[in-house]
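Participant: Input: one structure, supplied below.
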């Protein structure tokens with residue numbers, strides 16, 4: 001089955017009465033979108049299904065491992081580890097917005113998604129992306145306080161304050177995305193074909209036949225504000241940390257730099273995924289093969305949730321020690 005098999009013809013006004021087939025097509029347009037990426041994957045759908053299931057289970061196991069270790073180990077009940085736990089939990093939520101539907105669609109050989117299902121997927125995946133940026137911002141601010149103001153760190157960043165910051169930033173991310181989704185839901189859609197394996201807001205705007213200027217303006221505004229705020233806080237925090245490192249002991253400096261590099265690895269990984277998504281839309285639908293569209297689109301939803309638990313689980317010494325302690329108790333690893 002090819003992408004062309006899913007073409008829908010919508011007659012323009014002024015061509016007389018609509019035929020029965022055309023009316024059914026218009027009705028179909030009003031109810032579903034076609035994910036052309038799933039059509040592209042049809043021939044090897046069982047292989048992709050197994051691979052997707054393996055990745056999803058692996059992400060869940062890694063993320064749940066980090067979350068459970070932080071929750072059960074009292075020595076890890078500190079803001080730094082709470083923020084790491086929060087980051088991995090967000091990756092788990094983002095993956096759950098993507099993989100379950102993909103796996104079911106591949107098994108069922110389904111290429112369609114309802115409008116409501118599409119909007120819900122956009123809500124889940126974009127909230128994940130926005131909150132991922134917010135999480136890295138919180139982690140940078142936490143390390144800034146710990147290194148640059150260590151004497152007052154315990155009073156400025158308590159566990160309670162960390163949880164409040166997490167809830168506040170998540171609430172902002174969710175509401176910001178929800179408004180964008182509501183704006184998209186009000187649009188009329190003249191097209192059905194989404195050149196991807198999941199729904200994204202930019203594709204919906206491209207398919208709309210109404211005035212989407214409000215959507216474009218709102219989307220650009222909230223994205224730019226979040227990106228600028230994130231980059232400013234992270235840049236300021238880590239520059240100040242590097243300056244302080246010039247004045248403190250070598251051992252303390254190495255510990256601070258190690259933590260900063262760990263955070264920057266995770267942040268860079270997510271930015272690269274976002275950059276690929278940006279490149280995809282800049283090149284346009286006609287200048288890039290569909291398979292390349294898919295690869296560029298899924299990097300931000302696969303690699304950060306997959307690699308963040310590994311990065312923080314291995315490079316964060318106290319967390320790594322507790323993880324291996326638990327694995328040893330479960331007889332998964334030996335001494």
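We number each residue from 1, going along the chain as drawn.
Positions of Cβ are set from backbone N, Cα and C atoms, glycine also.
Curation plays no part in TrEMBL annotations; they are all automatic predictions.
Features from TrEMBL:
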DOMAIN    62-312  domain 'G-protein coupled receptors family 1 profile'
TRANSMEM  45-71  transmembrane segment
TRANSMEM  80-99  transmembrane segment
TRANSMEM  119-141  transmembrane segment
TRANSMEM  162-183  transmembrane segment
TRANSMEM  217-239  transmembrane segment
TRANSMEM  260-279  transmembrane segment
TRANSMEM  291-312  transmembrane segment
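Are these features on the surface or tucked inside, and what touches them?
Facilitator: Taken as a whole, the domain 'G-protein coupled receptors family 1 profile' (62-312) shows an average pLDDT of 90 in this prediction.
Residues 52-53, 55-56, 59-60, 62-64, 66-67, 70-71, 121, 124-125, 127-129, 131-132, 135-136, 138-139, 142-143, 146, 159, 162-163, 166, 198, 259, 266, 298, 301-302, 304-306, 308-309, 312, 316, 318-319 of the same chain, all 6+ positions outside the transmembrane segment (80-99), place their C-beta atoms under 8 angstroms from a C-beta of that stretch.
Counting residues 6+ beyond its ends, the transmembrane segment (119-141) has Cβ neighbours under 8 Å at 80, 83-84, 86-87, 90-91, 93-94, 96-98, 101, 113, 162, 165-166, 169-170, 172-174, 176-178, 180-181, 184-185, 198-201, 204, 226-227, 229-230, 233-234, 237-238, 263, 266-267, 270, 274, 300-301, 304 in the same chain.
For the transmembrane segment (217-239), same-chain residues at least 6 beyond its ends with a Cβ under 8 Å from one of its own Cβ atoms are 130, 133-134, 136-137, 140-141, 143-144, 176, 179-180, 183, 201-202, 205, 260, 264, 267.
If one looks beyond the transmembrane segment (291-312) by at least 6 residues along the same chain, the residues whose Cβ comes under 8 Å of a Cβ in the stretch are 37, 40-41, 55, 58-59, 62-63, 65-66, 84, 87-88, 91-92, 94-95, 97-98, 125, 128-129, 132, 195-198, 200, 262, 265-266, 269-270, 272-274, 276-277, 279-280, 285, 319.
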Participant: When you scan the chain for residues with a C-beta under 8 Å from the transmembrane segment (45-71), skipping those not six or more beyond its ends, what do you find?
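Facilitator: Distant Cβ neighbours of the transmembrane segment (45-71) are 38, 77, 81-82, 84-85, 88-89, 91-92, 95, 99-100, 102-103, 106-107, 109, 302, 305-306, 309-310, 312-313, 319, 322-323, 326.
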